[in-house]
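Q: Below is a structure I'd like to ask you about.
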Amino acid sequence: MKEDQNYKTAFGSQNSRDTHRHEISFPSQNWSLEMLLRRLKAIDARRDDKFASVMDAIGEFGTFQWRLVVLTFIPSILSTFFIFSHHFLLTAQRPYCNTSWILEVGPNLTEDEQLNLTLPRAPNGSFLTCLMYIPVPWDLDSIIHFGLNYTETCKFGWIYPFAHTRSLINEFDLVCGNEPNKENGLTVFLSGVLTGSLLFGFLSDKLGRYPIILLSLLGFLIFGFGTAFVSSFYQYLFFRFFVAQASVGYAICSVSLVMEWLVGEHRAQAVILQHSFLTIGVILLTGLAYKVVHWRLLCLLGGMPMFPLICNIWVLRESPRWLMVRGKVEEAKKVLCYAAEVNKKTIPLNLLNELQISGKKVAKASILDFCTNQHLFKVVLAIGCVWFTVSYISFTLNLKMNDFGLDVYFVQMVRSIVAVPARLCCIILLEYFGRKWALNLTLFLVTSMCLFLLFLPQEPKSTIILTLMLAEFSMAGTLSIFFIYTAELLPTVLRSTGLGMVSLAWVAGAISSVAIFKQTKTQLPIFFCCLCCVLALCFSSLVPETGSQSLRDSIEYNIRDSIEPKDRNKDVPMVIAEESMSDIVADSEVTNTTLNAVTFKPEENSLLNMTLEVPKMDLPVQSLKAQPP
C-alpha cells in the first residue's frame, strides 16, 4: 500500500511537471505545428505539380540553374550604372562668369588676377558666382588703377576653376538660373518606370520572358551606353526615360524567368542574391564614380560590358512554365530536355507524357481578369496597397537622409553596405518564418525605427542618421521579401503583367513622398511613414502564405486558397491533415509517439465542430515522405 501511495505521489508530481512543461512549451509547439503544416502543404502541392516532378528529375539547382542565375545577376549589376548614376552626374559645381575678354588687354594675367579684376566680391570676401563687371574699352593699367564698378549677369558663359570632375552641371552650364529641377528629373524617371512596367509586363506574358529580356538589354545598350554621347541636358532626360523602361522591364522579366525555372526555397534565395548583387553594383558604381573624373567615361564604362553580354544571351532558355500555359508543350519539353542534358540528368518518359496532359488546355487570361476574378482582384488590391506604403516609406527615408547634406559618395556607399547583409538575412527569415511572418517582422522593425525618428530630438544629428540607417536596413529586407511574395502570389499566365500593375502603386507612393516632403520640413512625413507601416501590416495580413509551394500557372484558384483568413482556418488544416497525415501516421517509428490535440474553433454558424489531432513526431520533417494515394 505504501508503495502504491509512493507510486501515485511520484506519478502525480511527474504528471504535474509534465503539465507544467506542456503549458510552458505550448506556444513553441503551436509554432512548430504551423511550420509543419506549411511544409506538409508544400509537399502536398508538389506531389500534384507535374512540373515540380520534372524539375526533381532535372535537378533542382544544377549547372543549368547556376548558369541561369549568374547570367541574370550580371545585368543587374550593370543596370546600377544607368539607374543610380544621376547621383554622381549632377554633383554641385561652383561657377564663375567667363571674363576672358580681359585677356585681350592683359594676355599674361594669371587666373587669380583675372578673377580679381573682373568679378565682384561678396561681403565675406568670396567671388560672386553669377555676376561680373561690365567690360570696358580700357587698357590694363586703367582697369587696375580705377577698377570696375558696374555689374551684370554672365554674358559669355561660365568657368569652373575649382571643379575636380566633369559632370552634367559644368558640361551644359546648368547654373545661375539654369539649374535642373530635381523633381522634373525624378518625374521623367518615374514616367519611364510607369510605362515600362505596363508595356514590358504585358509583352512578357504575351511574347515570353526571353525576348523581353533581350529587348531590355538592347535598351541598356542603346540608351544607357548612348547616354555618353548626348549633346544637351534634354537629350540626357530623353535617354534616361528609356533607361528607366529597360530597367523595370528587365527586373520584371528576369525575376519571372528565374522563379519559373526554380522550385522551393531556391526561388527566394536566387531573387535575394540578385537584389544583393544589385546593391553590390551600387558599391562598384560609387567607387568608380569617385575615381573617374568625366561623366561620359563613366557612362562608357557602364555600357561597354553589355556588348559581350548580348552575345552570350543565347545561353538562356525560355520559361517552360510559360510555354506550357501558352500551349507550346513541345517547346517546353525541348527546353526541359536541354536543361537535363546540361545537368547530366535524364527525364523519365512518363513525366514528359504527363506534361502533354496539362498542355492540352491552353490557359487564357487578360488584364481584365484582375477586375473580373474576385480572388485575383483582392490579392492585387492588397499587395498594391502594400507596395504604395513601402514605396512611400523608402523614398521618405532617402529624402530625409539627403536632407542632412552629407557627401553623396559616403551616403551611397553606406546605404549599399548596410543593404547587403539585410537582404542576406532574409534568406534565414523566409526559411524559418515563411513569407508573411518574415514580411510582418521587417515591417514591424521599420515601424519601430520610424517611431524613434518621430520622437527623437533634432540634435545630435548623428543619432538621427544612425536611426535612419537602421530603418533603411529593415526596409531593404522588406523590399526583397515582398518582391518575392508578390511574384509567388501571381499566376504564371499573368505574373509579369501583375508585377507591372503593382508598379503603379510603387510610382504613386514615390510621387506622394516627394510631394509631401517638399511641402513641409516638419515631422509630418515621418508620421505618415508610421501610418503607412501600420497600413502595410494590415494589408499584408490579408494575402495568403505561399511558403515553398509550387507556383500557380492559371487564374483558377481553389477554395482553400481564399484570401479570407477565417476560411483558411476551416479548410486548409483539414485538407492537409486528411491528405498528408494519414501516410505519416502509418510509419512504424511514429505510431508510438504522443498525440497532441489541436482544436480549430469553428464559426458560430458552423454545422460541425472539427478537431484536428496531429501526432508529435521526433523525426525531422525532411525525412517524411508522403506516399501517393
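Residue numbers in this text run from 1 along the chain shown.
Every residue, even glycine, has its Cβ placed from backbone N, Cα and C.
Dumping what Swiss-Prot says about this protein:
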COMPBIAS  7-16  compositional bias 'Polar residues'
CARBOHYD  Asn98  N-linked glycosylation site
CARBOHYD  Asn116  N-linked glycosylation site
CARBOHYD  Asn124  N-linked glycosylation site
CARBOHYD  Asn149  N-linked glycosylation site
REGION    1-21  region 'Disordered'
TOPO_DOM  1-67  topological domain 'Cytoplasmic'
TOPO_DOM  89-183  topological domain 'Extracellular'
TOPO_DOM  205-209  topological domain 'Cytoplasmic'
TOPO_DOM  262-269  topological domain 'Cytoplasmic'
TOPO_DOM  291-295  topological domain 'Extracellular'
TOPO_DOM  317-378  topological domain 'Cytoplasmic'
TOPO_DOM  400-409  topological domain 'Extracellular'
TOPO_DOM  431-436  topological domain 'Cytoplasmic'
TOPO_DOM  458-463  topological domain 'Extracellular'
TOPO_DOM  485-496  topological domain 'Cytoplasmic'
TOPO_DOM  518-523  topological domain 'Extracellular'
TOPO_DOM  545-629  topological domain 'Cytoplasmic'
TRANSMEM  68-88  transmembrane segment
TRANSMEM  184-204  transmembrane segment
TRANSMEM  210-230  transmembrane segment
TRANSMEM  241-261  transmembrane segment
TRANSMEM  270-290  transmembrane segment
TRANSMEM  296-316  transmembrane segment
TRANSMEM  379-399  transmembrane segment
TRANSMEM  410-430  transmembrane segment
TRANSMEM  437-457  transmembrane segment
TRANSMEM  464-484  transmembrane segment
TRANSMEM  497-517  transmembrane segment
TRANSMEM  524-544  transmembrane segment
Q: Would you mind reading off the Cα separation of Asn124 (N-linked glycosylation site) from Asn116 (N-linked glycosylation site), to the nearest angstrom?
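A: Counting only the Cα atoms, the answer is 14 Å.
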Q: Between the transmembrane segment (184-204) and the transmembrane segment (410-430), are there three or more CB pairs that fall under 8 A, provided the residues in each pair are separated by 6 or more in sequence?
A: no
Q: In the same chain, who gets a Cβ under 8 Å from the transmembrane segment (241-261) while lying at least 6 residues past its ends?
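A: Result: 65, 68-69, 72, 75-76, 79, 82-83, 188-193, 195-197, 199-201, 204, 209-210, 212-213, 215-220, 222-224, 227, 267, 270-271, 274, 316, 319-322, 339, 483-484, 487-488, 492, 495-496, 499-500, 503, 551.
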Q: Sequence gap of 6 or more, Cβ distance under 8 Å, 3 or more pairs: do the transmembrane segment (464-484) and the transmembrane segment (184-204) meet that?
A: no
Q: Any idea which of the glycosylation sites Asn98, Asn116, Asn124, Asn149 has the thinnest Cβ neighbourhood at 10 Å?
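A: Lowest Cβ count within 10 Å among the glycosylation sites (Asn98, Asn116, Asn124, Asn149) is Asn124.
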Q: Of the listed stretches (184-204, 210-230, 270-290, 296-316, 497-517), which one yields the highest count of Cβ-Cβ distances below 8 Å with the transmembrane segment (68-88)?
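A: Between the stretches 184-204, 210-230, 270-290, 296-316, 497-517, 270-290 has the largest tally.
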Q: What does the DSSP secondary structure composition of the topological domain 'Extracellular' (89-183) look like, as residue counts for helix, strand and coil?
A: 27 helix, 13 strand, 55 coil
Q: Between the Cα atoms of Asn149 (N-linked glycosylation site) and Asn98 (N-linked glycosylation site), find the distance and write it as a whole number of Å.
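A: Cα to Cα, Asn149 (N-linked glycosylation site) and Asn98 (N-linked glycosylation site) are separated by 17 Å.
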Q: Give me the CA-CA distance between Asn98 (N-linked glycosylation site) and Asn116 (N-linked glycosylation site), in Å, as a whole number.
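A: That comes out at 13 Å between the alpha carbons.
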Q: Looking only at residues six or more beyond either end of the transmembrane segment (270-290), which have a C-beta under 8 A from one in the stretch?
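A: Apart from its flanks, the transmembrane segment (270-290) reaches 69, 72-73, 76-81, 84-85, 88, 254-255, 258-259, 262, 298, 301-302, 409, 412-413, 415-417, 419-420, 423-424, 426-427, 430, 476, 479-480, 483-484, 487.
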Q: What is the pLDDT of the topological domain 'Extracellular' (89-183) when averaged and given as a whole number?
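A: Taking every residue of the topological domain 'Extracellular' (89-183) together, the mean pLDDT is 83.
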Q: Can you tell me which parts of the same chain pack against the topological domain 'Extracellular' (400-409), counting only residues 6+ beyond its ends and a CB-CB cutoff under 8 A?
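A: Same-chain contacts beyond the flanks: 87-88, 91, 286, 289-290, 415, 453, 461, 464-465, 468, 472, 517, 525-526.
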